[in-house]
Amino acid sequence: MRGPLGPVTGGYPSSDGSTQLGGVIRHHRKCRDIVFLLIFIAFWVAMIVNSSFGFNQGNPLRLTYGLDYKGNVCGDKHANPGLKELELRYWLNPNQVYESGSKDSLFSLSDARSICLLDCPTPSEDGLNWVCDYPEGEIRLSMDDWIDRNYDYFEFLTPEMRNTSLQLLGPCYPVIFPSTNVYWSCQFIARVSNMSLRHWQQMGGVNINEGIIIDKSIHQSINAQSSVLKRYVADVGKSWPVLIVCGGLLPLFLSIIWLLLIRHFVAAMPWITVVVFNILIISVTMFYYLKAGWIGHDSISPIIGEHDPYYHVSGRELHHLRVVAVLMTFIMIVSILASVAIVRRILMATSVLKVAAKVIGEVHALIIFPIIPYTILAIFYMFWLSATLNLFSSGRVLQNNCSSNCCTYDLALKKVNCDRCCGYSIHYTPHIGVAIFFHLFGCYWATQFFIACSATIVAGSVASYYWTPNEISTEVPFLPVFSSMKRLIRYSLGSIVLGSLIVSFVESIRFILESVRRKLKVPSTMPDGFFGKITFHSSQFLLRCIEWTIKSVNRNAYIMIAITGKSFCQASVVATELIFNNILRIGKVNVIGDIILSLGKLCISLSSALFAFLMLDAHKYRSSHNKVSSPLLPVLACWALGYVVATLFFAVIEMSIDTIILSFCQDSEEHQGNAQYAPPLLMETLNSQSETQRLTEGPS
């Protein structure tokens with residue numbers, strides 16, 4: 001058995017024999033786990049260096065817009081020539097597009113000559129329209145004049161230039177196929193304009209290939225996995241106002257309201273939480289159905305702006321939304337059934353929430369304290385998101401090494417040029433992938449660290465409240481939250497770093513294993529045999545259990561760190577032993593209380609997701625250059641941010657309950673079953689006849 005912790009955590013006698021406040025909660029501590037604190041500092045230095053690489057090499061415009069034949073990013077005002085507002089990528093030579101879609105062709109669409117335009121050209125109804133290359137050399141037009149002329153200066157061409165244009169060598173090219181704006185690329189519609197084609201043939205133009213291939217070639221490029229990933233990341237950047245409102249301000253407001261309601265209407269809050277949770281998860285699921293096109297006519301579309309209503313283009317984003325809609329349906333059904341199943345246990349949660357509400361009433365700073373870590377995390381997330389956009393776009397723009405015939409007329413050289421006429425692509429080296437993974441890991445570790453710091457400070461405040469002898473309860477230090485914060489910063493930051501690192505490491509291992517499984521093309525490759533399926537599901541369940549156990553042990557270890565000032569490993573041993581010795585006493589209360597609090601966090605995060613759907617429905621995010629390709633990632637980001645904010649604030653209740661219960665168990669253990677430091681309300685709650693029977697005898 002361990003020695004008693006009474007003199008460590010409660011009052012201690014002074015020289016005159018009177019009881020002094022605080023005990024070793026405020027004295028006789030020393031710095032713990034310093035090595036891990038130094039590692040964390042070094043890690044932050046590496047994060048800054050890693051992010052500076054992204055800021056130096058990245059250009060977020062690359063995530064949304066394509067490259068022209070000079071390697072410029074469409075829409076870049078600093079390009080040469082300036083491409084401000086010229087955001088649409090257009091392929092000039094239809095035969096090159098056709099060739100890139102042929103099965104046996106070595107020609108790539110990235111090598112086809114493309115320029116950036118303001119809008120997608122359309123064929124003339126009574127003649128032949130032209131789209132000409134950027135004006136330079138003998139073409140004395142400014143970019144603005146070129147745009148005003150609908151990119152057409154065919155009438156200014158010399159006979160030689162006209163001849164090369166009729167051979168599809170430029171500098172002007174005919175508009176034979178209609179095109180539409182699909183994710184800022186002009187996708188050809190395989191429906192040739194007969195009038196334009198007739199004029200082209202009458203002028204002696206070369207044969208133009210027709211067929212569905214010209215449509216599919218561009219479509220496959222737009223729907224490539226790398227293109228979809230870039231659009232998803234760009235969506236988060238474009239929807240930053242939504243992230244601020246729905247992922248930051250809204251959950252902050254709702255979390256404070258929830259804490260105040262717990263303080264004043266604790267008996268009704270568990271019931272309200274269950275009802276609101278069911279309403280919200282149904283509402284969010286219905287929004288996924290709406291955007292997936294299964295309800296109503298408001299499904300997402302890859303086409304930007306006005307277009308032929310009879311022309312439809314499918315995208316991976318729509319498929320992903322439908323997969324998530326099915327998954328949300330399953331989660332909704334399971335969640336509703338689970339919430340109904342715990343209704344009978346809500347009274348138990350209410351009784352223990354009353355104790356936490358009493359603590360909040362006594363230690364007033366607990367309600368507003370989470371604003372401090374909230375502010376720090378908000379600043380960190382803004383910096384992190386900006387660095388993320390730059391890291392994902394930090395590849396090098398290099399000219400392709402093509403072996404195909406891409407000869408074109410060069411206005412500057414005044415001749416047809418076949419040298420270095422290949423297109424440009426963004427090349428990502430392996431170290432960029434490592435940098436992105438390191439950046440993602442850093443975000444998760446930092447989040448876990450700040451959440452752990454907040455929880456430990458709350459635990460220290462509640463411990464001071466509990467272990468103050470009843471006779472001198474009026475002498476609880478004013479704002480004990482800041483006393484707890486001072487102890488944490490001075491002595492225990494290294495321990496918190498270690499605990500948050502363990503959680504982050506386990507999550508990263510799970511992520512890597514899942515990525516390897518997907519890379520090996522075994523998404524549903526469960527073994528066919530019965531025992532194989534059992535093994536597969538058991539391993540998945542085991543990983544989840546390990547993750548949950550580590551998080552649970554960490555949370556109780558943070559409590560013991562706040563109380564005793566021990567190192568992380570020592571605090572984990574003490575907390576685990578205390579829990580096992582009193583599992584029947586605290587098991588039910590902890591489980592039911594945690595479920596209600598988890599439902600509360602989900603209510604906050606689901607509210608964030610629901611309002612994100614509503615904000616993303618605005619015209620600003622459905623058209624023009626701010627169009628969001630899919631609400632999926634911004635909504636998930638708002639859900640995650642809302643959950644993090646709710647976790648910060650709900651830790652006040654969560655850690656209050658856990659700290660009070662652990663302290664009560666320790667108090668009872670040290671005083672032969674009679675807790676001497678427990679507040680009257682806690683004694684009334686845990687020692688009542690019915691509660692004692694439920695806590696000690698287990699389910700009947």
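Including glycine, each Cβ sits where the backbone N, Cα and C put it.
Here is what TrEMBL says about this protein:
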TRANSMEM  34-55  transmembrane segment
TRANSMEM  240-261  transmembrane segment
TRANSMEM  268-290  transmembrane segment
TRANSMEM  323-343  transmembrane segment
TRANSMEM  363-384  transmembrane segment
TRANSMEM  424-442  transmembrane segment
TRANSMEM  449-468  transmembrane segment
TRANSMEM  488-513  transmembrane segment
TRANSMEM  595-616  transmembrane segment
TRANSMEM  632-653  transmembrane segment
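When each of the listed stretches 34-55, 363-384, 488-513 is scored by C-beta pairs under 8 angstroms to the transmembrane segment (240-261), 363-384 comes out highest.
Taking every recorded stretch in 424-442, 449-468, 488-513, 595-616 and counting its Cβ pairs under 8 Å to the transmembrane segment (363-384), the highest total belongs to 449-468. Note on the transmembrane segment (268-290): residues 258, 261-262, 296, 298-299, 321, 324-325, 328-329, 331-332, 335-336, 339, 342-343, 346, 349-350, 353, 596, 599-600, 602-603, 606-607, 609-610, 613 of its chain, located 6 or more positions outside it, place their CB under 8 angstroms from a CB of the stretch. Most Cβ pairs under 8 Å to the transmembrane segment (632-653), among the stretches 323-343, 424-442, 449-468, belong to 449-468. When Cβ distances are compared across the two stretches, the transmembrane segment (424-442) makes contact with the transmembrane segment (34-55), since 3 or more pairs at least 6 residues apart fall below 8 angstroms. Of the Cβ pairs linking the transmembrane segment (34-55) with the transmembrane segment (595-616) and spaced 6 or more residues apart, fewer than 3 are under 8 Å, so the two regions do not touch. Counting Cβ pairs under 8 Å to the transmembrane segment (449-468), the stretch among 323-343, 488-513, 595-616 with the most such contacts is 488-513. With a cut-off of 8 Å between Cβ atoms, the residues of this chain six or more beyond the transmembrane segment (595-616) that come close are 239, 241-242, 245-247, 250-251, 254-255, 258, 270, 273-274, 276-277, 280-281, 283-284, 287, 291, 339, 342, 346, 349, 353, 628, 631, 634-636, 638-643, 645-647, 650, 653-654. Residues 29-37, 39-40, 441, 444-445, 448-449, 451-453, 456-457, 460, 543, 546-547, 550-551, 554, 557-558, 561-562, 565-569, 571 of the same chain, all 6+ positions outside the transmembrane segment (488-513), place their C-beta atoms under 8 angstroms from a C-beta of that stretch.
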